[in-house]
Amino acid sequence: MTTIVSVRRENEVAMGGDGQVSLGNTVMKGNARKVRRLYNGQVIAGFAGGTADAFTLFERFEAQLEKHQGNLTRAAVELAKDWRTDRALRKLEALLAVADKTASLIITGNGDVIEPEQGLIAIGSGGPFAQAAARALLENTELSAHEIAEKALEIAGDICIYTNQNRTLEVLPIKD
């Protein structure tokens with residue numbers, strides 16, 4: 001699996017992920033890029049699950065963003081509908097974390113679109129470790145969103161065997 005974490009704080013939203021791709025109990029690749037920018041750099045998206053499945057979902061999600069002029073929530077709801085009802089998409093096993101300047105969402109293959117509390121998303125096998133670390137840092141420090149995401153990924157990578165220390169981090173400034 002993997003670890004993807006997204007943190008929203010004050011003037012930025014950050015999303016990061018590790019780079020490990022596993023096949024069973026074998027590490028196949030250590031520098032995969034599981035977090036990327038979409039829709040002219042205005043949206044950050046990350047995936048946990050099958051790599052091929054994630055690329056399909058990224059393409060579908062970006063098409064929905066184009067169709068709905070970058071409206072993140074609308075695009076997420078439409079992707080979730082397609083994912084739940086389309087026979088081919090239903091077989092895909094992945095979770096998407098998406099964020100823009102206004103919202104952070106988790107999209108699942110069950111048709112769920114979830115806006116988490118405190119602007120904190122953590123998915124994948126290392127998600128619970130990253131979430132615990134990020135929540136503690138959010139509540140007890142003044143660190144920025146990207147510093148919290150980086151540290152949460154580091155901690156998850158130390159604990160989860162399916163998460164490595166090769167990280168990708170994307171940051172979107174939030175302007176008032």
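Cβ atoms are placed via backbone N, Cα and C, with glycine included.
Here Swiss-Prot flags Thr2 as active site, drawing on sequence analysis. Taken from Swiss-Prot, the feature Na(+) binding site covers Gly157, Cys160, Thr163.
This view paints the features noted in Swiss-Prot onto the structure.
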residue : record             : CB count, 10 Å
Thr2    : active site        : 29
Gly157  : Na(+) binding site : 22
Cys160  : Na(+) binding site : 21
Thr163  : Na(+) binding site : 29
Task: Between Thr163 (Na(+) binding site) and the residue listed as 'active site', the C-alpha gap once rounded to whole angstrom - done: 5
